[in-house]
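Since the structure comes first, as structure tokens, the remarks are kept for the end.
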Amino acid sequence: MPDQIDPARLRALDRAHVWHPYGPMPGRQEPLVVESASGVRLRLAEPAHGRTELVDGMSSWWSAVHGYNHPVLNEAARDQLDRMSHVMFGGLTHEPAVRLATRLVEITPEPLQHVFLADSGSVSVEVAVKMCLQYWRSAGRPAKRRLLTWRGGYHGDTWQPMSVCDPEGGMHELWSGSLPRQVFADAPPDGFDAEPDEAYARHLRELVASHADELAAVIVEPVVQGAGGMRFHSPAYLRVLREACDEHDVLLVFDEIATGFGRTGQLFAAGHAGVSPDVMCVGKALTGGYLTLAATLCTSRVAEGISSGDVPVLAHGPTFMGNPLASAVACASVDLLLGQDWELEVKRIGAGLRRGLAEAAGVPGVRDVRVLGAIGVVQLDHEVDMAAATRAAVREGVWLRPFRDLVYTMPPYVTGDDDVARICRAVCAAAKEG
Ligand SMILES: *Cc1c(COP(=O)(O)O)cnc(C)c1O
């Protein structure tokens, strides 16, 4: 073990040398130093606002659904480490990757039969887009190379994903001039339970129909738009998209990187609508938050289309494709999830969030409070003061990361009722202070 760096020096080195997400260099906000984590608690290297332990309300950005330092996942990692941490995937294969791919095929909608293992969510979206474009090129229709999405989405930070993120007010607005120009529908009307809006459905159908000749695919986050604004919409619009895509020869891609593995109350959000996409991306909770891994699944029609073209290969192959360590932990995480009554846990957390966040509705400056699955959102009528909101949450002993006009939480599924209540108190305090 190397000598430990004391926290103050660590913060100084961090500030001097290390980029943080969406941050300037040097960083403006001082990050908290986490020394270790277990269960739903992050242990800090030095006290912050009187706290040395924080209940994690973020699941490390949707990923740590089983909490930290889980004995089953630790064992899976250790066991795989003793065999091999990594081996190239070109010309070689191994049990962890094959097992994981087979498992994903089993638990996702039936038409999805083939799996490309990618090393991050953004890369899995790049692969999804490449699959769709190449499918049409192989079919002799190379003009079909644009994408359609609805506003308010988020699909990652690399180039193609950025081109289908919300074009306004988002993190990628800066690049709008140099990104591929995609077709944008209006954002879906709010409300998971809302009666589907017929005019909006017509808008989607018309847009798909009028651009069909140049569209390779429609790509959306089903049911929950995450980092683009934490908005929920009716599953009915997914059925509208499926029908329109079928009618006009356009592929349908669901980005389930945030919504997958039970977060919305269905194993995959597509389940709310009872429709299957042609291509689907998963990531985030895939390894239970242990290691970076994502996957792009596609139907046999897409795979066969690509593989019978004049360039009959999918030209993509990350160095760490199918990483055995990440795949082994992912298998263990999926088994852990399916081996328990995860639906009950997600419902329990959802009920706790509804109870605990109800009081936020009366707070001045709060525009909306909404809960779906194990996701709780308080939307303000102004931009949140991130520093003040985070400080308020830390005082309550909770880790939150508000953004834009949102204070939100998606706790690990193992969060106990008392800790869910504590997270809710922190969200309310953050909404007041922020
Ligand atoms: C996080 C996210 C991504 C990007 O995944 P990374 O692993 O951060 O590259 C893409 N799509 C959605 C819906 C996401 O929530």
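Here the Cβ of each residue, glycine as well, is placed from N, Cα and C on the backbone.
It should be emphasised that the depicted structure is a prediction, and the values quoted were computed from it without experimental measurement.
Residues TYR154, LYS284, GLY317, ARG401 are given by TrEMBL as substrate binders; from TRP19, TRP61, that same site also lists TRP61. What TrEMBL records for the pyridoxal 5'-phosphate site is GLY121, SER122, PRO318, THR319, and among ASP56, ASP186, ASP255, ASP385 the residue it adds there is ASP255. Take TRP61, TYR154, LYS284, GLY317, ARG401, the residues named in the record as contacts for substrate: the widest Cα to Cα gap among them comes to 34 Å.
For the pyridoxal 5'-phosphate site, whose annotated binding residues are GLY121, SER122, ASP255, PRO318, THR319, the maximal Cα to Cα separation is 23 Å. The binding-site residues near ligand 1, defined by a Cβ under 6 Å from one of its atoms, are GLY121, ASP255, chosen from GLY121, ASP255, GLY317, PRO318, ARG401. The subset of binding-site residues (TRP61, TYR154, LYS284, GLY317, ARG401) lying with their Cα within 10 Å of the Cα of GLY121 (pyridoxal 5'-phosphate binding site) consists of LYS284, given in sequence order.
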